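Trainee: This is the structure, below, for whatever I ask next.
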């Protein structure tokens with residue numbers, strides 16, 4: 001008779017313990033139900049990137065002196081700089097400058113070490129294409145400034161994640 005009573009007591013304790021665990025999980029679920037979602041509706045809402053964000057590189061053709069410092073500091077020797085030596089003035093003349101963003105790791109070394117500041121990072125990060133050859137930007141494509149997220153009236157901008165919660 002006593003083993004049956006002890007088994008019943010163990011069963012009761014196990015039931016109470018299981019109910020407590022289920023209750024704890026349910027309380028956590030209810031505490032998260034009051035919070036707003038952290039996700040944003042991406043094409044229509046975008047986070048404003050920080051000033052130091054390393055997006056697509058912007059290139060100013062007129063400032064470049066074809067020194068090739070950007071190529072030397074790039075860990076993957078990515079920028080392609082074509083130039084011709086002008087013998088009458090003894091200076092290099094830039095013919096072509098291109099960067100393949102399919103290979104670029106966006107480290108920012110080229111921007112940091114450029115002596116004439118002809119390279120800068122933009123806030124553009126939507127570089128996806130269906131053809132990888134479209135990611136090879138020449139000096140004309142690199143010279144175009146992207147539209148700022150703040151200036152685009154079709155997009156609702158969100159400063160940071162704390163603004164989503166309020």
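Glycine residues also receive a Cβ, built from the backbone N, Cα and C atoms like all the rest.
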Trainee: With 104, 107, 110 listed by Swiss-Prot as binding [4Fe-4S] cluster 2, identify the candidate in 67, 74 belonging to that site.
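Mentor: According to Swiss-Prot, the candidate sharing the [4Fe-4S] cluster 2 site with 104, 107, 110 is 74.
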Trainee: With an 8 Å cut-off on Cβ-Cβ distance and a minimum sequence separation of at least 6, pull the same-chain contacts of residue 67 ([4Fe-4S] cluster 1 binding site), or say none.
Mentor: 92, 115, 116
Trainee: Do me a favour and check the Cα-Cα span between residue 104 ([4Fe-4S] cluster 2 binding site) and residue 70 ([4Fe-4S] cluster 1 binding site); whole Å is fine.
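Mentor: Between the alpha carbons of residue 104 ([4Fe-4S] cluster 2 binding site) and residue 70 ([4Fe-4S] cluster 1 binding site) there are 12 Å.
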Trainee: Other residues near the [4Fe-4S] cluster 2 site, CB within 8 A of the CB centroid of 74, 104, 107, 110?
Mentor: 57, 70, 73, 75, 76, 78, 79, 99, 105, 106, 108, 109
